[in-house]
Amino acid sequence: MNFSTYFENLSVPNNISGNITFPISEDCALPLPMIFTLALAYGAVIILGLSGNLALIIIILKQKEMRNVTNILIVNLSFSDLLATIMCLPFTLIYTLMDHWIFGEVMCKLNEYIQCVSVTVSIFSLVLIAIERHQLIINPRGWRPNNRHACFGITVIWGFAMACSTPLMMYSVLTDEPFKNISLDSYIGKYVCLEDFPEDKFRLSYTTLLFILQYLGPLCFIFVCYTKIFLRLKRRNNMMDKIRDNKYRSSETKRINIMLLSIVVGFALCWLPFFIFNLVFDWNHEAVATCNHNLLFLICHLTAMISTCVNPIFYGFLNKNFQRDLQFFFNFCDFRSREDDYETIAMSTMHTDVSKTSLKQASPIA
């Protein structure tokens, strides 16, 4: 994924991210009110992303009865979002507004790398959640993942994410090449962080591959899983309505799946503008007006980073006990286990047998 900030009115050697331009004209500078608005928006996302995901992680890990497959994957998703909040937002905002990199060569390589790892882990955490829901509802008598499987899956997706992101670490460089032919004193000793791929074709292939691996492919798979789930639940509810009143159980099942699907939809909508922006700009630099590039980039990037807040927001709105524990969290109170009345979001303990039109329950899900 291409997270580099591209600038205007200054040619770059062909071997550095392919004829990228840099802004040296004051006419292209963002107005102060716009900078203030962007900084305020980024700050709000950082605060919400940090506090929300940190609270969600602590609350789930603190409660033993919440340590099931779905919640383990939710914690992994929140940790990935937390990492993105720390590594993506502040560095990208400062870099884009300053038009040069001030954080050194190590952070230049790590910033690109960690951002790519984070989004890969996030989407594949959603894939694993979809698989768990699919097996639970579509094939309840077959194989179902347990906590050990969830931990193994998390290890695999982190390894896969790191492998996919390695080219960004390899080819991210700190260079002053773009500023060497500029006579302005303000650009002396300034550096930019760019992706220096060996060939333009390699960069385009890699960017397109990441779009498929990080966005299109996983979302298509998730869509198929949840479509099958909702069709099965609809048929099951129709059967149960004819036999007995099971409105409470049906509403709980519906609420849980709506929450999980909302997280997926939120992720997809937030990241779509950013992926489109990168693809369009990578394949045709002239498609984006030079003076509008930085503003469009920041808006698309900010929209993508809002996804780091989606997880705790949807989890909180649709889980009453999370709201209650969240109040304890911000009041620095101790969390105490409530085994009798604690609501868990996962249905991993529920066993269903649709063929006999019965519902057997090993332990409460709510």
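Glycine is treated like the rest: Cβ placed from N, Cα and C.
Of ASN15, ASN68, the one with N-linked glycosylation site in Swiss-Prot is ASN15, while the others lack that note in the record, though it may still apply to them. The disulfide entry in Swiss-Prot for CYS108 points, among CYS28, CYS151, CYS164, CYS193, to CYS193.
Topologically, per Swiss-Prot, ASN139 is found on the other side of the membrane from ASP200. Touching of the transmembrane segment (295-315) and the transmembrane segment (40-60) is concluded from the presence of at least three CB pairs under 8 A, sequence neighbours closer than 6 excluded.
Averaged over the topological domain 'Cytoplasmic' (225-260), the predicted model has a pLDDT of 71. The stretch in 40-60, 83-103, 150-170, 204-224, 261-281 that contributes the largest number of Cβ pairs under 8 Å to the transmembrane segment (112-132) is 150-170. Every protein chain shown contributes to the tally, and the Cβ of CYS193 (disulfide bond) ends up with 24 other Cβ atoms within 10 Å.
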